[in-house]
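Questions regarding the structure given below will be posed in turn.
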Amino acid sequence: MSFINKYVIVVVGPTAAGKTALAVSLAKRFNTAVLSADSRQVFKELSIGTAKATMEEQDGVPHYFVDSISIEESFNAGMFEREGLQLLDTLFLKHDVVIVCGGTGLYVKALLEGMDALPQADPELREALNREFEQRGLEVMTGELKEIDPETHAVIDLKNPLRVFRAIEVYRQTGKPLSSFKTGAKQERPFKTIRIGLNMPREELYARIDRRMDRMLEAGLEKEARDNIQYRNYNALQTVGYSEIFGFIDGLYDREEMIRLLKRNSRRYAKRQLTWFSKDAEVKWFHPGEITEITTFIEAKLQE
């Protein structure tokens, strides 16, 4: 189905940059819906640690890929691409514009440009990597990844074992780094895109990240982690915001150190997000306070 005069407005950027607020504002302006391109917000059980928009923050705007499935179910970028394109087909029947908002770069790329062809996962090799993880720990394995594929090491979530395993797996299968499979070939989409990136001076961003982590802890982040501790080995919980709390629960460090790690790792995650999105030349960057400038830019693009 072709939607040559339909637009996807994409809002990307690092964690705590204000993406959700902008997406809701734009959705209300264009009377449309928001698709969340976030690999963890899709899970019903995870709300505080994923910075999921509350019903109040959603402000009546329909949100998709939020609270969609249980953490016991699997979800990945390929599924997001397939289901997202199907959903856009439906939404474009009544909307000229749809908003996509999120910080998971691979999900955004999959939806807008398609996925790079990669070798299929090898179950035996994956099992071997799991055993190595138990024996060596994640830090040693991320060190190995840095040696064999520094480009991938610079952009993936290093707190996420599945991402690290996959990169090492591809190298061991093929002798080539995962980054070498990224051809840059883009699949044609039947809609146009307007890509907005939010960023600010690093000191300001880091202060926002620290304040938001304080609010998350006040809102019950530790309880959320404890409530889901039976799923701690699931991909979604082996990420920033949860793994640090599990370390505290395990007695590896005290609460003060837990908070320090939560903030430090969130800042590191933001840096990796910026590294990823900065490679997309189509993204037009703004400070989140530049609402008028953002709106003017979008309106001009829609008139082209």
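The backbone N, Cα and C atoms fix where each Cβ goes, and this holds for glycine too.
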Among 18-21, 38-41, 130-133, 190-193, find the range that Swiss-Prot records as region 'Interaction with substrate tRNA'.
38-41
On the three-state reduction of DSSP, what should I expect for LYS19 (ATP binding site)?
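In three-state terms, LYS19 (ATP binding site) counts as helix.
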With an 8 Å cut-off on Cβ distance to the GLY13, PRO14, THR15, ALA16, ALA17, GLY18, LYS19, THR20 Cβ center, who else from the chain surrounds the ATP site?
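So the extra residues in range turn out to be GLY103, LEU198, PRO288.
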Using the alpha carbons only, what distance in Å do you get between LYS19 (ATP binding site) and ARG126 (site 'Interaction with substrate tRNA') once rounded?
35
Between 0 and 100, where does the mean pLDDT of the region 'Interaction with substrate tRNA' (38-41) sit?
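When the pLDDT values over the region 'Interaction with substrate tRNA' (38-41) are averaged, the result is 95.
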So which other residues, same chain and not among THR15, ALA16, ALA17, GLY18, LYS19, THR20, have a Cβ within 8 Å of the centroid of the Cβ atoms at the substrate site?
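So the additional residues around the site are GLY13, PRO14, ALA21, ALA51, GLY103, LEU198, ARG208, PRO288.
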Roughly how many Å lie between the Cα atoms of ALA17 (ATP binding site) and THR104 (site 'Interaction with substrate tRNA'), rounded to a whole value?
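Rounded to a whole number, the Cα-Cα distance is 14 Å.
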